[in-house]
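Student: Pulled these from TrEMBL:
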DOMAIN    7-129  domain 'CMP/dCMP-type deaminase'
BINDING   His56, Cys81, Cys90  Zn(2+) binding site
ACT_SITE  Glu58  active site, proton donor
BINDING   Ala160, Trp176, Thr202, Gly305, Pro306, Ser307, Leu308, Ala309, Gly310, Ala311  NADP(+) binding site
BINDING   Ser174, Arg190, Asp206, Leu210, Arg213, Glu303  substrate binding site
Amino acid sequence: MSNEQAVLDAHYMARALELARKGLYTTHPNPRVGCVIVRDGQIVGEGWHERTGEPHAEPNALRAAGSKARGATVYVTLEPCSHHGRTPPCADALVTAGVARVVAGMQDPNPEVAGRGMQRLAQAGIEVRSGVLEAEARALNPGFLKRMEHGLPFVRVKLAMSLDGRTAMASGESQWITGPAARAAVQRLRAQASVVLTGADTVLADGARLTVRAAELGLDPDTTALAMSRPPLRVLIDGRLRVPLNAPFFKAGPALVITCVTAEKQFPRGPECLVVPGVEGQVDLRSALVALAARGVNEVLVEAGPSLAGAFAQQGLVDEYVIFVAGKFLGSAARPLLDWPLEKLADAPQLKITDLRAVGDDWRVTAIPVPAASV
Ligand SMILES: Nc1nc(O)c(N)c(N[C@@H]2O[C@H](COP(=O)(O)O)[C@@H](O)[C@H]2O)n1
Ligand SMILES: [Zn+2]
């Protein structure tokens, strides 16, 4: 392939990725996918997947291109599907439309597809190429990929702290450590998650509701409407069912309680309860995540106190930390970020800081755990 062709492929794939990002708030449990159709150097059709049960990105782009799709090159961020799911196979639609070439960002890890989409196209005489801007294509769908590849959702832990690493005063007072721009960023993290998860301590102490609030998202009206059309499921980890049904958390809308005690007696007409294994009133968090993945949950945002967030961290269940840092000291009596007693520096978990940016007057640090073997 010529260098010129490689540059063009990357250029149009970048546009397909941009389209896919329009599905940031809505596609779950499906992946975010974008598609661009190019003929004679002109974009003749574009499409993206908006929500599960509705057409995939490719049929949307094919509809926009009409007869101009014949002989065209199709750029799609994820391998076209080859199976009958809630919608018919996109690979067949591309063959029928008579496209000449298909360039994919990455192979679909869904075992129902897993290379069969590209195979179907190649068998029909269509030229295929995969892996263009693959890192970017993967970054679009961390939850879908983790669920398909490992049977677990992608877990993002959001924390907000002072410059001296504290999250609340000893009294529990914490509103607000960070400013409005950071709080809007948190709202957007909630909106893009499939699940926002918290613990009984946070709900009991702070009256937390963990809802997405349109006015606080800081998005344009169209994107706000998309985000509000598919709010995340709010999940409460409550091993001993300590949170009463009249808590603001339950009054704020549908919620799922994950517990390890028999639930039926406690909540006869209350929220749905999921019982998973646990020990002494402590829910086994890995089992909770496996159960969520089995329900099609791609991305979990954990917004919890030091005890639950610390448990996720200690058990190696966190894929990414997003930590908002405010220019304040809260002092040594204030609460720590994570309950995680460590004695030796050698035991301190290593994180790689992958992004650092200002958000209003605060800073946002994104970090991922470095596996012990590679430290
Ligand atoms: N290539 C591609 N484009 C899209 O727009 C998609 N949403 C997908 N999704 C793949 O198909 C599965 C869902 O199928 P149904 O929506 O149930 O028909 C999903 O798991 C992906 O493998 N792929
Ligand atoms: Zn498809």
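Just so it is clear, glycine is given a Cβ too, placed from its N, Cα and C backbone atoms.
Just so you know, TrEMBL annotations never went through curation; they're auto-generated.
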Student: Over the span of the domain 'CMP/dCMP-type deaminase' (7-129), how high is the average pLDDT in this prediction?
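Tutor: The predicted confidence over the domain 'CMP/dCMP-type deaminase' (7-129), as a mean pLDDT, is 97.
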Student: Taking the recorded Zn(2+) site as His56, Cys81, Cys90, identify the other residues of that chain whose CB atom sits within 8 Å of the mean position of the site's CB atoms, giving them in sequence order.
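Tutor: The answer, listed by sequence position, is Val33, Ala57, Glu58, Pro59, Pro80, Thr87, Pro89, Ala91, Ala93, Gly117.
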Student: Given the recorded positions Glu58, Cys81, Arg190, Leu210, Arg213, which one's Cα is the least distant from that of Pro306 (NADP(+) binding site)?
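Tutor: Considering only the listed recorded positions, the nearest one is Leu210.
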Student: Find, among the binding-site residues listed as His56, Arg190, Arg213, the one whose Cβ has the highest number of other Cβ atoms within 10 Å in the structure shown.
Tutor: His56
Student: Going by DSSP, is Gly310 (NADP(+) binding site) part of a helix, a strand, or coil?
Tutor: helix
Student: Please give the maximum pairwise Cα distance, in Å and rounded to a whole number, for the NADP(+)-binding set Ala160, Trp176, Thr202, Gly305, Pro306, Ser307, Leu308, Ala309, Gly310, Ala311.
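Tutor: Comparing all Cα pairs, the maximum is 24 Å.
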Student: Please identify, among the binding-site residues Ala160, Arg190, Leu210, Glu303, the one with the smallest Cα-Cα distance to His56 (Zn(2+) binding site).
Tutor: Arg190
Student: Enumerate in sequence order the binding-site residues His56, Cys81, Ala160, Ser174, Arg190, Leu210 whose Cβ-atom distance to ligand 1 is under 6 angstroms.
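Tutor: Those binding-site residues that pass the cut-off, since their Cβ is under 6 Å from ligand 1, are His56, Cys81.
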